[in-house]
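Feature annotations, reproduced from TrEMBL:
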REPEAT    13-42  repeat 'WD'
REPEAT    82-104  repeat 'WD'
REPEAT    105-135  repeat 'WD'
REPEAT    144-174  repeat 'WD'
REPEAT    183-214  repeat 'WD'
REPEAT    223-254  repeat 'WD'
DOMAIN    385-483  domain 'PFU'
REGION    532-558  region 'Disordered'
COMPBIAS  540-558  compositional bias 'Low complexity'
DOMAIN    557-854  domain 'PUL'
Amino acid sequence: MEPEVSYKLRCELIGHQEDVRSVAVGDLGIVTSSRDTTIKIWAEDSPTSYSLVHTLVGNTKYVGAVTYAAPGLLPDMPNGAIVSGSFDGVVMVWDVATAAPVHKLTGHEYQVTSVVVMPNGDIASASVDKSIRLWRGGKPAGTLLGHEGPVLCLAVTEDGQLLSGSGDATLRRWAGGSCTAVYKGHTDTVRGVAILPGVGFVSGSHDCSLRVWSGQAEVLAELLGHTAIIYSVAATAGGRIASGSEDNTVRLWDASGACLATIPHPGCVWAVAFTPAGDLVSGCSDAVARVWSSDEARQAPAEAAAAYDKMLEERKAAAAAASSAAAGGSGEAAAAAGGAEAAAAAAGLPPGVKIAEAFELAQPGGKDGETKIVREGDGSIAAYGWDAGACVWEKIGTVVDAPEPGSISSGRKYYLGREWDHVFDVEMDSGAKLKLALDAGENPYIVADRFLEQHELPAEFKEQIVKFIIDNTGAKGPAPSTADMPITGGFCDPFTGGSSSAAAEQRPPPYFGNVAGSGAAAAAFPMDVTGGGVDPFTGSSSSSSRAQQQQQQQQERQLPARAYMLFDAAPPPDALRRKLLEFSAQLADADDVPPDALIGEEEAAAGGPLDELLGGLAAAVAANPAAAAPFSEEALTLAGNLLRWPAAQLFPGLDVARCLALHPAAADALAAAAGSMSAPTLGGLSGALAAAAVSELAPALQTGLRLAANCFKADALRAWALANRELLLDGFAGCCAAGGSGASKGVRLSAATLLLNYAVAAAAGSPGGASSSSRVSAEGAMQLLSGLEELLTSLPVEESDAAQRALLALGTLVAAGGAEVAGVAGDLGMGAQAARWAGAGGKLGAVAQEVAALLR
C-alpha cells in the first residue's frame, strides 16, 4: 500500500461559462469541454500555471466527451486531433493547428457520452442510444450492439481492444466487431472506466463504488468511500487511481483499495485525468478545471491555496444557511421584518422578493417579460409584466392571500375581466392553480355550481366547496343536503377527481390553468391554502387512523402529475388591437406578405371581425364550454391570417391562437387547419410554430411555446401535438439550453410547461393510465428527458416556477416509464438536478425530493 499523498492546488483553468464535463491530456497540454458548447486547449507556461491557447467553437449543444489523438494516430490528421462528442449526438474531429472542425460525424440518435481513438486510427463513440459506433476517415465503419442500457464510458485496453460501461450495470470487452466478455459485479450504472497498466482496468459506478478488475474478469479490489455517484475514473502506469464524484470530491486510491487522499471541490466533479507528469486534472460543475500536484515545486503559492480553502468554507456556510432557511430557520427574522418584507410576507410571497412602489411603473422595463411585484395605492400587492412591444407594464394579477376563517378580505380582486370581493388561489398537488372567485353575500351553493362548471370538476365535490367558502369568508349558507354528498365512501382527490373506486379511476383528469400573463413571464405567487396536506375544501386534517394517514400521504404526493397546465390569462384587448394594427401597417409594403394576410379596413371597423375576435378571447380562456359563444367564420379566418405573418410580427397572432386553443369550437378549427410540422402549412399552427421556433425573438418563442402547451386541452389539438411531438420539440430545443436563442425567464417557463404537458400525456398512456391513445413512445420519452436535462441544468436557481414544472415533468415521466426511463435519467445526472432544489421548501422542494427518491 502506498503512503498517503498530499495533492495540492497547482492552478485553476478559468474560462468556461458552465460545467466542465470532460478533460483530456496530451503533448499539447490539457483539453477541456463544457456545457457551454465549447472546447478549450490549455498549454503549460510555468511550473504553476497553464494558459488558454485555443477555444474550439462549432457545437450547438453541450460537449460531454473529449479525447486527444497524437500526431500520426489518425491518418488524415498529421497535426494531431481533438475528438469530441456532444449532447446532440454529433461526433466532431478538430484540427489542433487551426482549431477548425474537419469531420462532423452523425448517426447516433441521442447524446454522445464518450469518445476514444483506437490504435488502428478508428474512432469509437458511445451514446445513450445503447450503441457504440466506429468511424474511419470521417466515415461510418461499424456499430457495436449488445448493451441493454445507455453506453456511458469507453477505454482502450493495452492490447488494443475496447471496453465499455453501461447503464445496464455491466462492462463489455469488444474485439473484431464482437463482444468477447461481459463483466458483472456493479449493482448500478457503470459511469467510468480506465486502464490500469499491468493489472487490468478500474470502473466507477452509480453504486458509489470502484472495482479493480483483472483481464480475466476477476474483481481484485473494491474501493469504497464515495457517498454519491462516481462519474469518472483515471489511472496512472504506477497504479494510482483517481475518481470524481457527485459528492463534490476527488479521491486518490491505490490498486489495493486504500484511499490515499480526498480533495474537496465546490461542486460535482464530472471528470478526472492524469498528466504524463502525474499531476491530476479535475473538471467541476462550477465551470472551472483545476490542476493538482503532489510535487511541491508545482504547487500554487500558499495564498492561492488559502483562497481556495476560504472559498470552500464560504460555500459550505452559505449552503448551511440556505438549508436552515428552507427548514424554517429564518422564521423569527421574517416575523420581525417590516415595510416591504412585511408586505411580502402578508401576501404569501417567498422571502427575499422585492416589493416595488407604484411610482416605479413610470420607468420602462429593461427587457420583455421582466416582472415587478408592486404595492398598490390601496395596500394590495400586484404583479406586473413589461410588454416590450407595447411599451407598457401590463397587470398580470393581484397577489392574493387566504383570509382568516370567518373574515372578509379587504380589497377587491380582478379576475376574468371583472373585480370580485374574494379570489382564492388554490394550488393543486401538480402545481397547477385553480381560482375560486365570489362576491360577499353570494349563495355558496350558486358559487360552488359556477366553480364546478368552470373547472370541469365532478359534482360530488359540491358540498366540500360550499364548506370551504363558508369557512373562509364567514358566509352563511343553508344546511348541507345529504342528497349531494359523495357516496363512494373512499378517498377522493378534490383536484383530479381520482378515487379508490374503479369508476373514478377511469375518469379523465380535468384541465387547470395558471395565471401567467400574455407577453410576460408568468408571475404567479398563489397562497397555497391546502395547509400541507389539509383538504382545501373540508379543512380536515390527518387522524390517527392508518387509512386516513395513507389518504393524507396521497394528497401530499406531487407525482405523477395528472393535469395539463395551461396559459389561460387573456391578453388586454386594447393593447393587442393596437399592436396588431401597428404590425399590419408595417407589413403593408413587405414583399413576402400577401395583401389578404393583412387586416383590412372592414375587419378593423368597429364591431367587425377584429373586435369580435379580440372581444371573445376572455370567454375563450374561461374554461366554461357551455358559456363560450362560437366565433364567426370571418373571425377565425382573420386569426389564421395573423399566423401567416413573419416571425418578427408573429407573436400577437400566436397569442390570439393561444387563447383560441382553449375554446372548444375554435380549437377544432385550429386542429383542422394545423398541417404537419414535417411540411408546415402557411396560416396553420404548423407554419406559425415552425416560424416561431427558428426565431431568436423572445416574444415569438414564448408565445409559440405557450400556444403549443395550450394544445393539450382539446382532444383534437392534443392529438396533433402528440403526432408532431418530435419535430415540434426539436424546433424549440434551443429554448431549453443555457444561452439558447431567445433565452429568457418567460421562454424557459413556457418550455418547462410544454415538456410537463407531454410528460402528463405519457403518464396517461402508460399501463393503468387514463388513455392508451395518448401514449408517448420510448423515443418520445428519451426526447423529453434530453430536453429536461438541458432545461434543468440551465435554469437559474431563482426560477422556481420553471424548476417546479420541469421537475414535475421529470418525475411524471420517470413514474410512467419505470426502471428504464429512471436509469437513463440517472445516467444523465438528473438526480443532481433534483437535489439542487430539494432544500427549496414548499411544493418545489417536495417535488424535488420525490424525484430524487425515484432516481436513487
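Using the three backbone atoms N, Cα and C, a Cβ is placed for every residue, glycine included.
For the repeat 'WD' (82-104), residue counts in helix, strand and coil come to 0 helix, 15 strand, 8 coil, using DSSP.
Within the same chain, residues 24, 28, 31, 33, 37, 39, 41, 54-56, 58-69, 74, 76, 110-115, 117, 123, 125-127, 129, 133, 135, 138, 786, 789-790 sit at least 6 positions outside the repeat 'WD' (82-104) and bring their C-beta atoms closer than 8 Å to a C-beta of that stretch. The repeat 'WD' (183-214) shares more Cβ pairs under 8 Å with 223-254 than with any other stretch in the list 13-42, 105-135, 144-174, 223-254. Residues 50-57, 59-68, 70, 80, 82, 84, 86, 94, 96, 99, 267-268, 270-276, 281-291, 738-739, 793 of the same chain lie 6 or more positions beyond the ends of the repeat 'WD' (13-42) yet place their CB under 8 Å from a CB of it.
Averaged over the repeat 'WD' (13-42), the predicted model reaches a pLDDT of 93. Secondary structure of the repeat 'WD' (223-254) per DSSP (helix as H, G, I; strand as E, B; remaining residues coil): 0 helix, 20 strand, 12 coil. Residues in the repeat 'WD' (144-174) partition by DSSP class (helix H, G, I; strand E, B; coil) as 0 helix, 18 strand, 13 coil.
In terms of DSSP secondary structure, the repeat 'WD' (183-214) contains 0 helix, 21 strand, 11 coil.
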